[in-house]
Amino acid sequence: MTQAHLKISVLLTKTHKSLLNVNGVACKNPNQVTADDFYFPGFDKCGNTSNKLGSAVNLVNVEKLPGLNTLGISMARIDYAPYGLNPPHIHPRASEILVVLEGSLYVGFVTTDNKLFTKVLNKGDSFVFPIGMVHFQYNYGTTNAVAFAGLSSQNPGTIRVANALFGSKPPISDDVLTKTFMVDKKTVNYIQTQFQ
């Protein structure tokens, strides 16, 4: 970069500080930053697990905690009802480490060569899910479970496998799904109605 380009870059940076983006998130003007940008309350509260899956994820990423911008980290509290499931999903931009605070969980991930790694975790145990691997957690017990997860991105993203395949808008062609899962169109259509 030439000296002239550097001066223009510095001038643009000073003039448009609030317009700069890092990983898709606008940088806040440093003169407007407050302590609240680095603070998030509420991890002490249980999530609502009265849903079909019996789980609730409270992800705190850069959208909820602006102070995470550029730090490459985020975290989540996951609550599980008895037999609750955090279904197979992927974080395309982050690895994850999970620690169980209450209860027991059956957890696992599948590698790119379809090898399954699983473990039963009890209170105080942790497990790592490498970036981009399909993974899940299941509370096989009769009591509630709670876990915390640390993720290696300010915005890890979450793609739930079943939602992506059966709940996409517009929907994936029945021909693709029937051939992929080796089932008839009636079965595919029924599953799709569960994700509308």
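Yeah, the Cβs are placed from backbone N, Cα and C, and that goes for glycine too.
Summarising the annotation, TrEMBL assigns oxalate binding site to N86, H91, E96.
What TrEMBL lists as Mn(2+) binding site is H89, H91, E96, H135. For H91 (oxalate binding site), the same-chain residues lying six or more positions away in sequence with a CB closer than 8 A to its CB are F129, I131, G132, L151, S153, P156, G157, T158, I159.
The domain 'Cupin type-1' annotation in TrEMBL covers 41-189. Across the residues of the domain 'Cupin type-1' (41-189), the predicted structure has a mean pLDDT of 96.
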Shell list (oxalate; ref centroid = CB of N86, H91, E96; cutoff 8 A):
A76, H89, A94, L98, F129, H135, A149, L151, P156, T158
Centre the Cβ atoms of H89, H91, E96, H135, go out 8 Å, and tell me which other residues of that chain have a Cβ in range of the Mn(2+) site.
I90, A94, F109, F129, M133, V134, P156, T158
Using Cβ atoms only, which residues of the same chain lie under 8 Å from H89 (Mn(2+) binding site) while being at least 6 residues apart in sequence?
V134, H135, F136, T158, I159, R160, V161
